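Everything below concerns the one structure shown next.
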Amino acid sequence: MSSVAVLTQESFAEHRSGLTQQQVKVTALNSEEENDPPTYKEAFPPLPEKAPCLEAAQEPSGPWSKIRPIKASVITQVFHVPLEERKYKDMNQFGEGEQAKICLDIMQKTGAHLELSLAKDQGLSIMVSGKLEAVMKARKEIVARLQTQASATVAIPKEHHRFVIGKNGEKLQDLELKTATKIQIPRPDDPSNQIKITGTKEGIEKARHEILLISAEQDKRAVERLDVEKVYHPFIAGPYNKLVSELMQDTGTRINIPPPSVNKTEIVFTGEKEQLAQAVARVKKIYEEKKKKTTTIAVEVKKSQHKYVIGRKGNSLQEILEKTGVSVEIPPTDSSSETVILRGEPEKLGQALTEVYAKANSFTVSSVSAPSWLHRFIIGLFGQNLAKITQQMPKIHIEFTEGEDKITSEGPTEDVNVAQEQIEVMVKDLINRTDYAEINVDHKFHRHLIGKNGANINRIKDLYKVSVRIPPDNEKSNLIRIEGDPQGVQQAKKELLELASRMENERTKDLIIEQKFHRTIIGQKGERIREIREKFPEVIINFPDPAHKSDIVQLRGPKNEVEKCTKYMQKMVADLVENSFSISVPIFKQFHKNIIGKGGANIKKIREESNTKIDLPGREQATQRQLLSQGREQTVKLLRHRILAIQKELANITEVEVSIPSKLHNSLIGAKGRFIRSIMEECGGVHIHFPTEGSGSATVTIRAQPRTWRKPRSSCCTWAEEKQTKSYTVDLRAKPEYHKFLIGKGGGNIRKVRDNTGARIIFPTSEDKDQELITIMGTEEAVKEAQKELEALIKNLDNVVEDSMVVDPKHHRHFVIRRGQVLREIADEYGGVMVRLPTVSGTQSDKVTLKGAKDCVEAAKKRIQEIIEDLEAQVTIECTIPQKFHRSIMGPKGSRIQQITRDYGVQIKFPDREENPAPVAEPALQENGEEGGEGKDGKDADPSSPRKCDIIIISGRREKCEAAKEALQALVPVTIEVEVPFDLHRYIIGQKGSGIRKMMDEFEVNIQVPAPELQSSDIITITGLAANLDRAKAGLLERVKELQAEQEDRALRSFKLTVTVDPKYHPKIIGRKGAVITQIRTEHEVNIQFPDKDDESQAQDQITITGYEKNAEAARDAIMKIVGELEQMVSEDVTLDHRVHARIIGARGKAIRKIMDEFKVDIRFPQSGAPDPNCVTVTGLPENVEEAIDHILNLEEEYLADVVDNEAMQVYMKPSSHEESKVPSKGFVVRDAPCGTVNNEKAPDMSSSEDFPSFGAQVAPKTLPWGPKR
């Protein structure tokens, strides 16, 4: 069985030979109409044999039969491969083997859908569905891979091969697709003319036919070259090319005459052979006729007048040729010859000669003497002065030669005389009222004379109304020229020389200052460096970038000022170095607050008197602290003695000096001071001071109370003696929680071991990595004895015992408050001992159980007993502070209260917050400034008594409670008011409050800004500790100054200027993608606004410039300069065949942009739908426009040749029925339709296999004709 579905008539005709026995269904018809109408069966083939019978459903033809079907985007074609041409014949089952793989590969490559079926004769039918392009590609693949291939050759002339290939090989590819063949064309360097075709027989025949058709078409056309002497070309072309144009129009032949600038004699003819022969004959006739009749005469014309004879674009020569029929031959421009040859008929040469002399003498050249420096004044701003002359006399050309003292005028004689008189008057006037001066200034100073953005030179120009020309840097010239009013020139010259003299006296000096001092010299917010710059205003001081880690500070300015500034800064640095000497002063913990004083009064006084910086220590739990003092060495040392004297006076301190060799000092101090620290801790309240390293001094100073200095002195001396004789070290390990117990309270336990053995025992500090390592140092005997004692202590700590003691139940709460903090401290201090309080509810047990190492338990019991004694002696006092300050006093997460509690060993309890305080109209003020409160009832409350919510309870020993009360009262915040203009409030607050938050965090205060509704209020409230208020106020006022400066700058920047510019120039000022206007905006830092085209209320010629006044004026001048250049431009329309527009423009406009950039012109092509599609407008300077037009006309001539060839090829490729399509359509006609004939055929025999053929194998009854859908 075979079934086909063909959508195009070409496909039907192509495969008809292989499907003669098959019934064909045509689903789309070709648009061509033939003379003989098709039969009904040809037009409407029945469905395949196995399909349900549709004949009964056929309707008679009616009006609908005349409507032609619309072509579908998806088409279906069927290809039949006969058994003898199949590549793969051995198939056991349908769809298996190599054939199935090839079909899958074709579907993947092309995107088309393939279905295979086998006919009874084992021929292969392939149905291909998809888009037309995909179907054609699949067809080519099927023929190449599933059908055996044949090959044939066809011979055509070698010159016709390129027409078979087509542009970029497109025609060859299309031919291969249509014929499903492979066509091989020999290479250009191969002399063979044989073209090889590979494919099916039908495809080869069709391809061969198409190739021969192309060759035959080219045989009809011919190209001929005729050699004609160059001098006779003008006669053949005729005036303005009229003669050759008429000839081309009459004969339909294309004639190419080389232009006069090209030294070629060949004239090329292209066209149909007969018409071409006519054109060649007519040209030969003209040539022979002119050769016989013409003669020549030679005349001498000045070389400078040749261009007048030629005229613009050769118009004068064409004019003479048209009037007289005489050709005028002008020697080339690079030739020195002045001979002009006239060629023509003798009787017309006289008239032509008259015309030549008339053209030559119609123009004259004249020159006016004028100093070259006056040229630009004669031209005027944007050529305004010169334009007055050229507008009156447009044919005149005025030329200024740089460096020459003359002005050349060229044009009609009368116009030149008038222009010469006007220029002479202008020159005389300018010489009387202008002057110039030249000065020599080293070019390295030129940019300083110009100033930033031309500030200096523009000021001089505006002030003295002069023009100053400073040569560019690349010229390396020292000459500066000043031109303008005589008095202004002299004043400008004087000022420029003064500036240059000052700069020559200027010098640059590098100052070496350590980077660590840079920030100090600059000062907070640049205050100190501002003072230096105010003191030396002519000196520029440049500090290096902090990231560069450079010590070089650069000073630039007048020599004397730089020297003074250098000495001043060197002195400042010397003071900083001198004041950077620092020393640590050890003080005993108990005297710390006495030396600092209440509220830091004492230490502040010491700072002011000594002019030094003193850093206070942290509040760590050490027995002694270090004050860090920084300033002059001598002052710091005196200050150290002064602080130590205060301490000595307070505690009656004794100073003892011990002589220890300096070489042993480092060993005695130990790594990071560990060893000497252990001695000081052991002796308690002792300071040991070593001399500075490298001093060579052997004196070690010990400061201690009168009765305690002997022991540290003895320890130091003993250790030094042992070190000199013998030293022995042993490491011991113990759990960190045992260390405190091993040391004992106040170092009692470890002191006992040291006294017994004489060994030094060093425990790890919190900074050491190994927290279990204990080091024992001394003689071997002492170290071993100390090791035994410590090991025994550690062993005892490992032996856990349980003990109990009696504690009054009223004190139990003290041990468990704050999540059992007291119990945790006892456990940490005494080797992790566990203390358990009674938990039985309803009983008042006083028994407390302790569990741990025996020694630890005993020590813990002693500590608990001490705590109980303190609780028995505890008192409670009240501190009245208004509740509104409680949160501030507590600090973040209660940190301030926790610190006071630790420092003074007291407990502090704040009252509950009062949820609904009774309203008080006028709260009474107490003498201490606290607000009065009311009682619970609000009636009987004493106005003078404090409110309950204001009372803070402090518990502890009386003296400690009083000290804690003073510390609390010192934390009460103070409020001050600062006056700030209301309009600055929103800037101080910042975006989403960021500005005010930053200030509050920086100065640790609360800043309250009045609400926006209170517009009359300028008061900002600052609340915080007294010490922070001054800094906060200064910071706020500094911010106000910055904001006011910004406001002034905004006002200056809002200056507006309006420029009147014709709207037609706006696109040029804006530039491509806004490039020109963006450059002006960026260069002058201004905003430029163009009028809105859609807004009729706006003046369309007004451009608004906003910015600083000077910048706005400079931007205006830049815009007017562009406008001046645009006004000098001209626009010319040139007729350019619209068919070559696309090629001249190029891909994405690249080609036309290149032409515009080369000739500096603007070229505009007509838009689609324009009245004249060939009109192209060229805009630019006159000489550039002429050159650009000549260039694009040459391109047109070159590209039109290709256009003509392409059009001729397209005409050939069109179907032959083009002319027949003009005949009115007869409608759709078929012959032998069933509705028009009597059906005498008998019904088919259902049992006949001839009428109803079937597949060889049994198949399912519902199988579709083309197999299952995939």
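Placement of Cβ uses the backbone N, Cα and C atoms for every residue, glycine included.
In Swiss-Prot, the region 'Disordered' annotation falls on 1-23 of the listed ranges 1-23, 461-483, 530-552. Looking up the ranges 28-47, 508-527, 1088-1107 in Swiss-Prot, the one annotated as region 'Disordered' turns out to be 28-47. The helix, strand and coil residue counts that DSSP assigns across the domain 'KH 5' (431-473) are 25 helix, 10 strand, 8 coil.
Averaged across the domain 'KH 2' (219-260), the predicted model reaches a pLDDT of 86. Taken residue by residue, the domain 'KH 2' (219-260) breaks down under DSSP into 23 helix, 10 strand, 9 coil.
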